[in-house]
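Novice: Here it is, the structure in full.
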Amino acid sequence: RFHNLQELRHSASLANKVFLQRDYSDGTTCRFQTKFPSELESRIERPLFEDTVKRLNIYYAEAEKMGGQSYLEGCLACATAYLIFLCMETRYEKVLKKIGRYIQEQNEKIYAPRGLLITDPIERGMRVIEISIYEDRGSSGSCSGSSSTSGSSAR
Amino acid sequence: MKHCEYQQIDPQALSTPTPTLPPQHAVVQEEKKGETARRKWEDFPGKNRFYCDGRIIVAQQSGVLPLTLGLILVTTVLFFVFDCPFLLKHLTVFIPAIGGVLFVFVVISLLQTSFTDPGILPRATPDEAADIEKQIDNSGSSTYRPPPRTKEVMINQQVVKLKYCFTCKMFRPPRTSHCSLCDNCVERFDHHCPWVGNCVGKRNYRFFYTFIVSLSFLTVFIFGCVATHLALRAQGGRGLMFALQESPASAVELVICFFSVWSILGLSGFHTYLVASNLTTNEDIKGSWSGKSGTEDTGNPYSYNNIITNCCSVLCGPMPPSLIDRRGFMPVEESSQTVATEIELAAKNEINVCQLVLCLSVFVCMAHHHPPLGGQLSGLCSVLCWLMSKCTQGTKDLLESASRSPCPQTGKPQTVSTSCPDSIDPADPAVTFNPDVTPDPVAVPSLKCGGRHHSHTTSPPDEPRQLHHHHHHNRHHKTRSARSSSKRAALHISNPAYNVSLSPPTSPGLGPSHGTGAEEHVRDSFATLH
């Protein structure tokens, strides 16, 4: 079955949610674990998924990169008593917008046709990448859509 | 006692995204149920206050911020009015100029420290919390003791323990700490500063540092200028008293500056050390990386081992965004909202009934401290609590008002209370509710300490351990939203009473329902534990 994003919201019902947790092996910088969750095994090919997560990690690393440009930004901000934060968009925010566009694009092209939806981590406090798994409303009656909290049967 | 009641209500259909709601917003929400979009700050679960439609965030109590601002303003104004004209005439025009620049820096950085989101982590959504619970259960030990709420990660080849935050329902990221004053988890939590009236965390640490450094410059500058001023006036053998008589305001400034310069300079020096070693006040005080446990492995895993790199990363690093999205609009879900508003309406009607019930139960429990009557009273109280559990939205309001009501504690708990911190978080309904209602002295400490359990690094004492564990198990398995939390409280009342095996209740009507309810509950917890 193939969905697009709109169809997903109207005709499919939420079956389960998978959460990709943060990977703190590199400190407090934002990275997500690339471990492939078992619930997605039948839904999406592993290389596609890992590619998405790796790309997100690259973007976040770019946002938090400490290099010449960020130091310049920081020093300039300090010199103006941080008032430029009120009028200027920081590099982090620019990269976050880029990430939002990327996730939207990935959802449209890859995930929605497979009945999946990625939630932007910024909406979850950068704690997790939430992947919602949808089922066709007509098909599986065994799927208790709202009981994802019990987490027992995903399919 | 019917425990199945709460399970029948599907939390997914009911709950708004935020797990808890402060009491004043409950009323606001009922009034606004006709409006379509609400901003997220209006339903913020922490204890912060918002101004300018969510643009400005402050802690619940402004602390001494007005005093700080007042002192700075008064001293600087006095300086400009009384000392600057003299110094302008006799020395140089740069003195007021430098003073002005410093003053502007101080005030701006102070306001930014106070009004900026320090790096608050939004609470876990119910789905996330459930997922984490599932993971904890799967990796749990086979012993009766429930698994410890910590997770170990490797950061830069060093083992770091992540603690589970019971309020925010998630494992805290490294360097994150929960501020009890603001009731939020804050990233890279430094400390809660009453002088600025806000937490100091990842996002506003650089503002705070700028504030204290510029303030120390300003204080030293004013002190020096005033001293110079007085010295110049006292020249020619006229004496200091004459100078002070001519310019009394300078005396005030001298006193203020003299007393503040030591503390401000000390604080600046301390924070400069922290910045250079990439530490937080919280870590430094706790001695997380100073090798207190004696292992060679400790050392700050976040430090770059280079002073300049540390300074740059802390002060000039990229500015992370605010994660709480104060001004975003709440997602509107039609089905859940209609159910939610219905529940709210019903809750409002039941509030008065529940308040009456609560007062009755408190009165009943307070009137008799007799152990032989304990069983009967506990049964009565559990029925009353079950009645109370029917109130969904209004319960939190009730609990807050109950905590403020002048009901002294029923029994003196034994050794446990000493291990519990004194401040009870009134936002946690389970903690607020129980001490006033339960007659069981042994139950009181377990329930009282339950909400604070996550702040303990040591394990709780053996005696009420069972009760602690039942309490936590109940909380994490059966609750999803604030509406269920009242039911959680109801569960606790029955459970400890059952465990402590008081004399059987004399009234047969209450007995069986009470017993079976608790039995089913205990059986359930046993099943999940083993």
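A Cβ is built for glycine as well, from the same backbone N, Cα and C atoms used for every other residue.
Any TrEMBL annotation is an automated prediction that lacks curation.
Sharing the record's features from TrEMBL:
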COMPBIAS  B:9-18  compositional bias 'Polar residues'
COMPBIAS  B:402-421  compositional bias 'Polar residues'
COMPBIAS  B:467-490  compositional bias 'Basic residues'
COMPBIAS  B:501-516  compositional bias 'Low complexity'
DOMAIN    B:161-286  domain 'Palmitoyltransferase DHHC'
REGION    B:1-22  region 'Disordered'
REGION    B:402-530  region 'Disordered'
TRANSMEM  B:64-82  transmembrane segment
TRANSMEM  B:94-111  transmembrane segment
TRANSMEM  B:207-232  transmembrane segment
Novice: Are there residues at least 6 beyond the ends of the transmembrane segment (B:64-82) whose Cβ is under 8 Å from a Cβ of it, and what are they?
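Specialist: For the transmembrane segment (B:64-82), the sequence-distant neighbours (Cβ-Cβ under 8 Å, at least 6 residues beyond its ends) are 96, 99-100, 103, 106-107, 110, 114, 194-197, 215, 218, 222, 225-226, 247, 249-250, 252-253, 256-257, 260.
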Novice: Taking only the residues in the domain 'Palmitoyltransferase DHHC' (B:161-286), give me the average pLDDT of this model.
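Specialist: So the average pLDDT across the domain 'Palmitoyltransferase DHHC' (B:161-286) works out to 89.
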Novice: Tally of helix, strand and coil residues over the domain 'Palmitoyltransferase DHHC' (B:161-286) according to DSSP?
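Specialist: For that range the per-state counts are 71 helix, 19 strand, 36 coil.
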